[in-house]
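Student: Copied straight from TrEMBL:
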- G127, P128, T129, G130, A131, G132, K133, T134: ATP binding site (BINDING)
- 412-428: compositional bias 'Low complexity' (COMPBIAS)
- 43-368: domain 'Kinesin motor' (DOMAIN)
- 379-428: region 'Disordered' (REGION)
Amino acid sequence: MAAGGSTQQRRREMAAASAAAISGAGRCRLSKIGATRRPPPARVRVAVRLRPFVDGTAGASDPPCVRGMDSCSLEIANWRNHQETLKYQFDAFYGERSTQQDIYAGSVQPILRHLLEGQNASVLAYGPTGAGKTHTMLGSPEQPGVIPRALMDLLQLTREEGAEGRPWALSVTMSYLEIYQEKVLDLLDPASGDLVIREDCRGNILIPGLSQKPISSFADFERHFLPASRNRTVGATRLNQRSSRSHAVLLVKVDQRERLAPFRQREGKLYLIDLAGSEDNRRTGNKGLRLKESGAINTSLFVLGKVVDALNQGLPRVPYRDSKLTRLLQDSLGGSAHSILIANIAPERRFYLDTVSALNFAARSKEVINRPFTNESLQPHALGPVKLSQKELLGPPEAKRARGPEEEEIGSPEPMAAPASASQKLSPLQKLSSMDPAMLERLLSLDRLLASQGSQGAPLLSTPKRERMVLMKTVEEKDLEIEAALELGLDHISLILSNRGLRRSKKNWRPRCWPRRLRKRRTIVPQCSGPFHIAQSQGQSP
Ligand code: ADP
Ligand code: MG
């Protein structure tokens with residue numbers, strides 16, 4: 001029994017590690033200074049918050065269907081058998097008398113310090129519509145929630161840590177978006193339309209074009225946040241007059257730059273997420289547009305459940321890409337963030353089924369294992385002098401032609417449209433890493449050709465550039481090896497499916513969680529054409 005449990009645990013850890021590797025986190029880690037060991041696991045923490053009765057009349061005549069047992073556990077009536085109750089245990093349980101400060105101090109404040117270590121953190125409010133997610137995250141002027149409290153503390157912390165004379169200079173920026181009907185909308189710039197979610201060459205999830213505002217005080221934060229909140233898509237349903245119709249995501253980035261050698265830089269990202277509620281359309285009275293919205297909300301939450309299950313079961317494919325929400329949360333679930341899920345539940349009987357399903361989701365989520373690591377690199381100017389920038393090498397028109405619009409965004413190691421410092425603008429490493437590999441190869445060959453013809457002119461590429469290109473080529477080759485190994489794994493799956501009389505649905509199906517650049521290079525990898533081919537190659541292997 002115990003052995004089975006530990007095998008299960010081991011399997012989950014391996015799945016989390018392979019998900020992190022496939023999502024690029026593994027490669028990312030390799031680029032960190034001094035990161036030689038695998039980061040230790042950190043389980044997703046789960047807290048449940050039961051809100052009080054809110055309509056005043058209920059309570060006496062309608063006793064609550066949920067009861068807190070202690071600071072970590074609760075019980076709820078079992079609808080299958082009224083003599084029994086279902087018991088749940090979490091990292092924390094906050095009863096109806098708990099205050100905003102209790103939740104913040106108990107579950108959120110402890111993870112903020114990780115941001116100053118250059119690590120990522122996420123707080124997600126989950127639960128049915130009307131159960132208190134927005135109250136928990138945003139609150140009111142009288143009872144401020146997690147967002148204002150976290151921002152206040154974080155700004156205070158960064159002011160202290162980044163003060164003159166301290167080793168690191170710190171800056172904070174914010175972005176605010178909503179996912180509405182599978183569209184990513186910038187709440188700080190509503191005119192920008194649907195934005196795309198991408199993964200850069202280091203495995204970071206990013207949204208090119210998303211506004212990013214520097215904030216140095218709480219007043220700065222409010223100046224951007226309050227009008228943006230009014231842009232959030234809300235509508236009235238029978239359950240909740242201002243029911244949130246979208247997932248709202250506040251992203252706060254803490255950037256640190258070391259003032260003295262070795263001039264390291266760190267970036268920590270904090271996601272504060274107020275999810276839209278899962279709804280039963282018979283009860284909400286949703287019709288027309290509201291019904292369509294509800295479908296999109298339920299789909300993304302359904303995929304969220306599938307992601308959690310895939311991670312827990314150690315499945316080879318985690319369906320992050322099946323919805324915008326899960327794609328964005330790739331880092332928070334099974335990725336590199338310190339994550340806390342706050343499941344909000346309501347005491348009224350009419351919420352009973354939604355409450356049970358929220359508790360079950362919360363119970364599954366606490367099995368998910370993340371592997372947070374410090375996102376640290378050298379500041380661009382600390383990488384040594386390089387005479388020519390890529391722009392100088394190619395000239396603007398050529399540089400633009402050399403890469404398609406997609407690669408320009410995918411390859412960009414800087415996730416958002418940040419106001420770049422002078423040193424960032426000139427960074428040769430950034431330019432090289434965003435350059436099309438084919439173009440790099442051509443430059444290298446041209447350089448060799450000129451050298452072989454005894455050209456007296458300056459080489460096209462200075463020595464550090466050449467070294468980096470050779471390094472990048474090695475990485476490319478390693479990627480191909482990984483891809484070939486993954487191909488083999490896929491064909492094994494085909495073989496198993498075909499033995500069971502099943503087959504893969506699409507001929508060229510590939511896991512969408514593969515790094516994009518691996519998927520793009522598919523044409524130059526020898527294709528295995530299915531189970532028969534694999535059976536043959538297995539037969540031939542020694
Ligand atoms: P959700 O965002 O999950 O749809 P809300 O946060 O909008 O739900 O909460 C629904 C109603 O319940 C709001 O009027 C809110 O003020 C109230 N409410 C929620 N949680 C609490 C709480 N812990 N204490 C007091 N009122 C609450
Ligand atoms: Mg809400």
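Glycine residues also receive a Cβ, built from the backbone N, Cα and C atoms like all the rest.
Caution: TrEMBL annotation is automatic and unverified by curators.
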Student: Can you count the other CB atoms that lie within 10 A of the CB of G132 (ATP binding site)?
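Tutor: If we count other Cβ atoms within 10 Å of G132 (ATP binding site), we arrive at 22.
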Student: Counting every protein chain present, what is the number of Cβ atoms, excluding its own, within 10 Å of the Cβ of P128 (ATP binding site)?
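Tutor: By my count, 24.
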Student: Mean pLDDT over the domain 'Kinesin motor' (43-368): what is the value?
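Tutor: Looking only at the domain 'Kinesin motor' (43-368), pLDDT averages out to 87.
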Student: Of P128, T129, G130, A131, K133, T134, which binding-site residues come close to ligand 1, meaning Cβ under 6 Å from one of its atoms?
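Tutor: From P128, T129, G130, A131, K133, T134, counting a Cβ under 6 Å from ligand 1 as near, the near ones are T129, G130, A131, K133, T134.
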Student: Neighbour count, 10 Å Cβ-Cβ cut-off, for A131 (ATP binding site): what number do you get?
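Tutor: A131 (ATP binding site): 27 neighbouring Cβ atoms within 10 Å.
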Student: Return the count of C-beta atoms lying within 10 angstroms of the C-beta of G127 (ATP binding site), excluding that atom itself.
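Tutor: The answer is 29.
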Student: When DSSP states are folded down to helix, strand and coil, where does P128 (ATP binding site) land?
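Tutor: Once the DSSP labels are grouped into three classes, P128 (ATP binding site) ends up as coil.
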Student: Among the binding-site residues P128, A131, G132, name every one whose Cβ is found under 6 angstroms from ligand 2, counting any of its atoms.
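Tutor: If the test is a Cβ under 6 Å from any atom of ligand 2, the answer is none.
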Student: Including all protein chains displayed, how many Cβ atoms other than that of G130 (ATP binding site) lie within 10 Å of its Cβ?
Tutor: 24
Student: Through the lens of DSSP with three states only, how would you label T134 (ATP binding site)?
Tutor: helix
